[in-house]
Amino acid sequence: MKDYDDVILRPEASELSKTEFCNPAFDPEAGPSCPPPALQRDVGSRLQAPWHAQRLRGLQPDCHFSWFCILLLSGLLLLLLGLLVAVILAQLQATSLPRTTKNPLLTRGLTPMGVIPSTTPNTTTTTTTTTPARTGQQEAAMSPTHQTTCGGLLPGPSGFFSSPNYPDLYPPLSHCVWHIQVAAGQTIQLKIQALSIESMLTCLFDRLEIISEPTGPLLRVCGKTPPATLNTNTSHLRVSFVSDNDVEGSGFQAWYQAVAPGHWSCAHNEFHCDLLLCLKRDSVCDGITECADGSDEANCSAKTLGCGGNLTGLYGVFSTPNYPQHYPHQQLCTWYIEVPVGYGIRLEFHNFSLEAQAECKFDYVEVYEASNLGTFSFLGRFCGAEPPLNVVSSMHQLAVIFKTDLGISSGGFLATYQAINTTESGCPWAEFCQSGGYRDLQWMCDLWKDCANDSNDNCSSHLSPQPDLTCEPVQVEMCLGLSYNTTAFPNIWVGLATQTEVTDILRGYKSLTSLPCYQTFQRFLCGLLVPRCTSLGTILPPCRSVCQAAEQQCQSSLALLGTPWPFNCNRLPVAASLEACSQP
């Protein structure tokens, strides 16, 4: 009996299985590792098969493993293809968005065309294209963008810029400076399209300043009325926006463009009076010559459509067109009242009925007083159904302007004026004190309480309170603790109707509390805005010395803020008596 087996080794068979023969006698420790008999028979049959058949059968792949690889590779390929399609679609959508998206609200902050807004804090986007001068329709078609930048360089031939966050409220304590630089030999045309900045005398707190480099300041604006188009003869402008830490507004938006010298223009609703200057339409034929060539006041009789004119008698009457019927739309009437030198003028309105609006922006009457220098100073603007207080002026010239828009019409007014001889006595206004009219600060009834022969009798009877003028406690927090505790409203000197309006205004002055001169400035400001009410029912302005002390102490501090002293102290009375003015 054989104790060994015959073994035939084939190289190709070794590829099919690592173990072609198994004998437990030679590997006792392996345990039952031999394949089952069926498998042994299968191996034996494969060894007995022809060589080429065994070769072909040995090269067949594992079907289960191959299908798994195919599925895996197919999935990866589909995933990559999907990612590629997504990237392509995203790029196509990004490039087609400006053409398919409608313009957002045109009140958003504007960004120049063709430039992606920068995220750098101190940069502002500008145009880099050399497009021709824009028309109004082209400007409106531009797609505005919410702009958060504050200042920067604007080197392109045209562009837009706006206050931070426009049209939302601009942040407090902002100081943004834009430098507009166009090519040498070109000049800059600037247009402020929208404006809503805290309004205050001389734009003391929040303001937009335009400065020509290197000549100096051109314009300072605040409030809610955009100025006319600004044409310059420089290629470099510096635009500065400043806000304090109190009252905010929506700010501004503006555009600029490079213009060849001599090719300046104005907007369609503006008056182009000479090479550079543009005027708002309501500044034309208003009695104040602003154009160097006087063209804004030329041929005004033809423009007023039969209203307005020159009144030179000692007494006169004038009225709105069609009075007492409704006045026409789009009227601009100017009456020039002139009496002999040495006379003043008393103006009174009767049956007053104009379109009512809080700021008298639509239909209104304005009164101007001539100065000794030949210019006109603004006295007041009136509208609504209540006649204005009588206007008494020490000057011998007044200008009365009546303007209407396209909207509501009403009955208008009838007005009379009378000349007053200022040289007949030492108390020229005594007989007119009872009217309590709106007048120059130096010609108030209080100044003339001591009349001829040092007697108070002539004027004291006329110092009774006005029908709607009664003393009331001072309620403005900033003005508590003055030398007096009663006031009266309306305040005809500054055009404020209630103490609430004063409180709103004084919020802007809180930023000055840190100045060394604040207490002196506070006394003067409260004396002007919340005047003293006397036991006789009259109101007293602050004395000139109070204003001068505040000016002397605060002028240098305000200069550091870039603001000149905003008040003319010479308009206030000298303390001729205890009842001439107040010492808050």
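Heads up, the Cβ atoms here are built off N, Cα and C, so glycines get one too.
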Candidates CYS273, CYS278; Swiss-Prot says the disulfide mate of CYS266 is CYS278
If you consult Swiss-Prot, the disulfide counterpart of CYS581 among CYS526, CYS533, CYS543, CYS547 turns out to be CYS543
Annotated as N-linked glycosylation site in Swiss-Prot, from the list ASN233, ASN299, ASN485, is ASN233
Of the candidates CYS273, CYS285, CYS300, CYS307, the one Swiss-Prot records in a disulfide with CYS291 is CYS273
Filtering ASN453, ASN458 by Swiss-Prot annotation N-linked glycosylation site leaves ASN458
The residue that Swiss-Prot pairs with CYS517 in a disulfide, chosen from CYS479, CYS533, CYS547, CYS554, is CYS554
Cα-Cα, CYS569 (disulfide bond) versus CYS291 (disulfide bond), nearest Å, comes out at 29
In three-state DSSP terms, CYS203 (disulfide bond) is classed as helix
Mean per-residue pLDDT in the topological domain 'Cytoplasmic' (1-69) works out to 50
Counted with DSSP (H/G/I as helix, E/B as strand, rest coil), the domain 'CUB 2' (307-420) has 0 helix, 59 strand, 55 coil
For CYS533 (disulfide bond), the same-chain residues 6+ apart in sequence with C-beta under 8 angstroms from its C-beta are CYS471, GLU472, TYR484, THR486, THR487, ALA488, ILE539
